[in-house]
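What follows is a set of notes on a single structure, which appears directly below.
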Amino acid sequence: YSAIFEESELSAWDYDYGFCSPKTLQCVPEPDAFNPCEDIMGYAFLRVLIWLINILAIVGNLTVLFVLLTSRYKLTVPRFLMCNLSFADFCMGLYLLLIASVDSQTKGQYYNHAIEWQTGSGCSAAGFFTVFASELSVYTLTVITLERWHTITYAVQLDQKLRLRHAIPIMLGGWLFSTLIATLPLVGVSNYMKVSICLPMDVESTLSQVYILSILILNVVAFIIICACYIRIYFAVQNPELMATNKDTKIAKKMAVLVFTDFMCMAPISFFAISAAFKVPLITVTNSKVLLVLFYPVNSCANPFLYAIFTKAFQRDFFLLLSKFGCCKHRAELYRRKEFSAYTSNCKTSFPGSSKPSQAALKLSTVHCQHSAVLDKTCHQEC
């Protein structure tokens, strides 16, 4: 101060040199096991992976939903169930997007935003999305497996086939159940404010413990049902007396790979969650974020590819849709040609007792031959 003011000016001041002595800052609330003093993503590699997984989950599931809903083919029960599964996985992608966005905005100073985030509407919305998506996904996978088992078991009895009018109320029940489970933490049964990743980890009250354990038990029951159905499917397709189609058998095998992959990824989450529900945590919140990114959402990222995008039926719908916008017309025409050939072959076998084809059939055959000749010539020229 003497370098700035004159001594006569300073003599009239009353100094308090207390600010010169060192002071210890007391911050509240203090870090604990649920809220360590770190960013939302505790590790740098998780910050990269969570963006990669949430982009794949959102783009992949949106693509599946758009192609299935705009397809010119009839909305069958498997397609309807796949739409529900894609929407559930899309919601999981939204949860990851919210978490990743907040982590990027608060990188290096999350401790200044922790209370505002965890007690605000953003964390509540993220928690709702993840619980709703997780439960709806498990429910839909269970229904898909039961539908496959029912279709293969009762392949001959067409009157026993599951119709869309049956599947809609079944899935409506799943939506109501998932919404209820995701809403309970918002009304005081556990809560989403306990940790920065907005999962219902509050097990202080007995009601909260019952809530967490009920979810885990239901998921275990769903896994047992799925295992039992696929065991039955395996023995059913081995039975030569059962006239299950080859298509159903292939679908069942693909479903088995998909579902078992899903539940193998969820196994570590369930194991550590059960221990935490009994207040015997075997893993810290920091390490649980590794499970959150590497295991918990991977299914939502992989499902659209394993279940839809890599299948021939989806690829057919995809290229037929692109052809409407002037892209991949040659590839789409090949799919139409295969479909037309399959249709005409079915028509020929529809009347095995008739020795002479009808006039309409002859005309259809002539048109088909002319159409095939034109396609062959076009394909030859393009090659």
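The backbone N, Cα and C atoms fix where each Cβ goes, glycine too.
Any TrEMBL annotation is an automated prediction that lacks curation.
Listed in TrEMBL:
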- 48-69: transmembrane segment (TRANSMEM)
- 60-307: domain 'G-protein coupled receptors family 1 profile' (DOMAIN)
- 81-102: transmembrane segment (TRANSMEM)
- 125-146: transmembrane segment (TRANSMEM)
- 167-190: transmembrane segment (TRANSMEM)
- 210-235: transmembrane segment (TRANSMEM)
- 256-278: transmembrane segment (TRANSMEM)
- 290-310: transmembrane segment (TRANSMEM)
Within-chain partners of the transmembrane segment (210-235) [C-beta distance under 8 Å, separation at least 6 from its ends]: 131, 135, 138-139, 141-142, 145-146, 148-149, 152-153, 181, 184-185, 189-190, 200, 203, 252, 255-256, 259, 263, 266, 270, 273-274, 276-277
Taken over the domain 'G-protein coupled receptors family 1 profile' (60-307), the model's mean pLDDT: 83
Tertiary contacts of the transmembrane segment (125-146), as residues 6+ beyond its ends and Cβ separation under 8 Å: 78, 81-82, 84-85, 87-92, 94-95, 98-99, 167, 170-171, 174-175, 177-179, 181-183, 185-186, 192, 198-200, 215, 218-219, 222, 225-226, 229-230, 255, 258-259, 262, 299-300, 303
Recorded stretches the transmembrane segment (167-190) and the transmembrane segment (81-102) touching, at least 3 CB pairs under 8 Å: yes
